[in-house]
């Protein structure tokens with residue numbers, strides 16, 4: 001939020017009671033939502049990994065994406081929980097001082113960026129089964145998925161290594177995770193903020209939205225084609241495709257504003273280094289709280305969405321918590337696969353089933 005008019009700036013800086021109140025409200029929301037995000041998110045990701053490693057799920061190459069996403073989002077939530085504990089005064093040692101701000105920034109931003117890129121890659125693979133179902137098993141293989149995960153991880157690691165030397169932490173000055181010296185690293189940091197916002201968050205999130213829209217369009221087309229013989233199973237799949245699209249859109253809208261905020265903070269940090277307005281400072285302290293709140297929701301809900309829309313995944317979860325025998329569970333899952341042609345959030349549908357549906 002840029003304020004260029006000196007009279008307006010002066011007037012707002014004098015009257016700052018409202019902003020103080022908003023800051024405390026945003027801080028309280030972050031404290032509550034952040035705690036519940038970690039409380040439900042980390043166990044959910046652990047369950048996601050366990051279910052993805054069972055005999056049935058690991059047959060699908062894309063289950064590797066589920067494991068990778070769960071691992072990096074668990075790392076993100078652990079880092080977020082450390083910040084939360086420091087903010088609540090449960091822990092005195094700030095991770096940005098203990099690990100160095102560069103390392104902590106790389107852990108938080110790196111794990112988030114990896115999650116976006118893994119999910120985008122998964123969405124592309126899932127769309128192949130609709131766009132080219134006959135070649136799905138040839139294109140999406142375990143070696144293909146492993147290679148893509150390793151390549152994404154390697155590229156993000158290379159991009160993040162220089163930031164270890166750029167960032168530092170000053171408690172009274174730092175607004176958004178870390179601070180930097182604007183006279184030395186401004187151009188590099190500014191280029192990085194655009195790379196992060198556009199290439200690592202915006203485009204991957206947009207890809208997820210587009211792939212979800214392809215799935216929804218396919219389901220709507222199927223509904224129009226078989227409107228007189230639209231089964232309960234097909235209606236359920238249609239509802240799930242809508243839910244998946246809404247989630248994808250929510251992911252895009254919740255993550256991109258935080259990256260745009262980072263761009264504005266870097267801009268103001270350079271041009272207003274010596275004339276900080278207390279209100280601008282308050283605004284920038286309110287918005288990161290909202291960003292952390294949205295992040296705690298975004299990186300903790302994938303297990304529960306997957307559990308909601310995937311019958312096979314839900315069967316695996318029931319098997320895990322009830323300790324059913326593997327034979328009974330496998331039989332149940334096979335029956336479910338026979339009767340259900342569904343699109344999963346973190347694993348695509350079976351190729352043969354898709355061909356049967358779309359070539360009727």
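Glycine residues also receive a Cβ, built from the backbone N, Cα and C atoms like all the rest.
Automated prediction, rather than curation, is the source of TrEMBL annotations.
Since we're looking at a predicted model, the values are computed, not measured.
As annotated by TrEMBL, domain 'G-protein coupled receptors family 1 profile' applies to 44-299.
Annotation source TrEMBL lists transmembrane segment at 29-51 (among others).
Only residues 6 or more beyond the boundaries of the transmembrane segment (63-83), in the same chain, are considered here, and those with a CB under 8 A from a CB of the stretch are 34, 37-38, 41-42, 45-46, 48-49, 52-53, 57, 91, 94-95, 104, 107-108, 111-112, 114-115, 118-119, 121-122, 125, 142, 145-146, 149, 292, 295-296, 299-300, 302-303, 306, 346-347. Among the features that TrEMBL reports, transmembrane segment is placed at 63-83 (among others).
Taken from TrEMBL, the feature transmembrane segment covers 103-124 (among others).
According to TrEMBL, the feature transmembrane segment maps to 145-169 (among others). For the transmembrane segment (145-169), the residues of the chain that approach it from at least six positions outside its boundaries are 61-62, 64-65, 68, 94, 96-97, 100-103, 105-106, 109-110, 113-114, 117-118, 121, 125, 177-181, 185, 188-189, 192, 195, 200, judged by C-beta separation under 8 angstroms.
Annotation source TrEMBL lists transmembrane segment at 189-216 (among others).
According to TrEMBL, the transmembrane segment annotation covers 242-266 (among others).
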